[in-house]
């Protein structure tokens, strides 16, 4: 049995702005709804009374899709959205049949709006009805900017670009409030700043105490390669992993993104953060990185 957990989604408009598919379909849905409403008002004498309920329900569905995308809550509400979309599609297609053959300009406008709404509903059913395993779903997601990056929240953006950065509360518990923590890792020979900079492959270093590298030391490190023993003595702040998850599907990390990790189907991962689309996880071999949340399930 999966252990229930509570997660209060946060509204992030950047999630919508960074997703071209969601932004374009929601925008077209609103435009289609306005056209359908205006045409239906103009052809009210020929418009069936039940059609008004269909328009109201379609507006509710568009609002639901907007909120689900903006709060990054697609997975828990996927089945609900599919049920709503099936009903809304039945309503708008039925209204299309009632107005498209009347011949007046208002009826034609209403029919065009309902046809556009039907197309948008079909696209949403295809997207929300499939998972990342489906090629078309993965292709659509590939256009999303920075894997859930929020453009209007700097703190959220820092978290997404570097899930290993320390929060202020963690820094205070270490006695270094507000101070950036730096470290260098095995075989890399450089200095990685864990305060919001891109990881660049430094995520799999060993555990040690935090320390702030001096400029002279940093310059020296750029001129020589760190040995495994040096990496063992390097300074790094460990992250807690209170959750455990099982891989539902196998995942191959993107070679262009050093932050991702690969894992096999059925593998057990330790997870530190379950918010957002990408979770920080640790494998049994100690490898640390981010994994897509829809590829794993939380364990009791």
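Numbers run from 1 along the shown chain.
Cβ atoms here come from the backbone N, Cα and C positions, even for glycine.
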Expected hit for region 'Disordered' in Swiss-Prot across 172-201, 202-231, 232-261 is 202-231
Report, based on Swiss-Prot, whether residue 71 and residue 279 occupy the same side of the membrane.
-> yes
Swiss-Prot annotates one residue of 94, 102 as N-linked glycosylation site; which residue is it?
-> 102
Folded-back contacts onto the topological domain 'Cytoplasmic' (71-79), same chain, C-beta under 8 angstroms, at least six residues removed = 9-12, 15, 64, 128-129, 148, 276-277, 293-294
Using DSSP with the three-state reduction, classify residue 102 (N-linked glycosylation site) as helix, strand or coil.
-> coil
Quick note, residue 102 (N-linked glycosylation site): same-chain residues at least 6 apart with CB under 8 Å of its CB -> 43, 46, 108
Integer average pLDDT (0 to 100) for the topological domain 'Extracellular' (42-49) | 80
